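The structure under discussion appears below in the form of structure tokens.
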Amino acid sequence: MGSTTVVFYVVIVTTLILGLETTRSSADDHELSPNFYDYSCPAALPVIKRVVEAAVQKERRMGASLLRLHFHDCFVQGCDASILLDPSDTIDSEKLALPNLNSVRGFEVIDDIKAEVDNSCGGPVVSCADILAVAARDSVVALGGPSWEVQLGRRDSTTASKDLANRNIPPPFLDLPALIDSFENQGLDEKDLVLLNGAHTIGFAQCSSFKNRLYNDTNINPAFAEKLKLVCPSVGGDTNLSPLDPTPSNFDKKYFSNLIKYKGLLHSDQELINGSTKGLVELYSQNFEAFSSDFAVSIVKMGNIKPLTGYEGEIRIHCRKVNS
């Protein structure tokens, strides 16, 4: 009986230790991992996928909007969900920065995801930053693009920076050298630049972002420009929308095909046909499989920009405000 008791005790202690290690690993592991929530909330990723698919089915444009949120988040302070924070006495909200104001959208979908994920997890286990990263992947898949393993374990910032958003998010009027510099400042190379701009294979842009190109650029297809002027007059119409490529609800290679025809909507898009990036544009205009697989690699790389991990930051209860 004594021997049995000792064995039983060892089993209990071992089980407790393993349980503690499993619980502790999420907080102590400072490396992102696709398995981060396997023990703490295995339902999280299926829930995010379901809500994203419903949102995209309701409005196809939402897929591009959710992908853009992830991009605009990562280029400011790293991928920390700072873009989601509303203005307050202590938050200089990035939503008010010029690249985001009356432009970025999808916040309500993120709110819905957060509520459903927290309900499934029994509390705030999954960070808003990770929700952004997973929602971006699921949006691309919902529109016919590639899938990839999302690295997880980011934590949420307690700060935001409108100034950094204004400085770091590349505006649509940049020339190629400035685009390259902007991406290099985030640890991304020229290939990443081409691929991540390839996200413009889905979605729309406001007239204000391409008006100067229409009326001043010379490297634009004349018939294409004249057609766009009906949507984007020289005076007014700044919020009118035009698709970024001919199939804005399908993740395909037509964005790159358009650049070769000088039908890039944004000045910064058309710049990719110049100089050192031209060969990549030509490759991806002909090979969707290469674009898809390479895009997945680049967006994972972008998702690794300066994440908060371990005990840095927090897991927000509400994505729009820091915990009190």
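Glycine too: its Cβ is placed from the backbone N, Cα and C atoms.
For Cys41, the partner cysteine in a disulfide bond according to TrEMBL, taken from Cys79, Cys121, Cys128, is Cys121. Every protein chain considered, the tally of other Cβ atoms within 10 Å of the Cβ of Ser82 (Ca(2+) 1 binding site) stands at 28.
For the Ca(2+) 2 site, the Cβ centre of Thr201, Asp245, Asp252 serves as reference, and the other residues of the chain with Cβ at most 8 Å from it are Gly198, His200, Ile202, Leu244, Pro246, Thr247, Pro248, Asn250, Phe251, Lys253, Lys254, Tyr255, Phe256. Counted within 10 Å of its Cβ, the other Cβ atoms near Pro170 (substrate binding site) come to 20, all protein chains included.
Less than 8 angstroms from the CB of Asp245 (Ca(2+) 2 binding site) sit His200, Thr201, Ile202, Lys254, Tyr255, Asn258, Leu265, each of them six or more residues away in the same chain.
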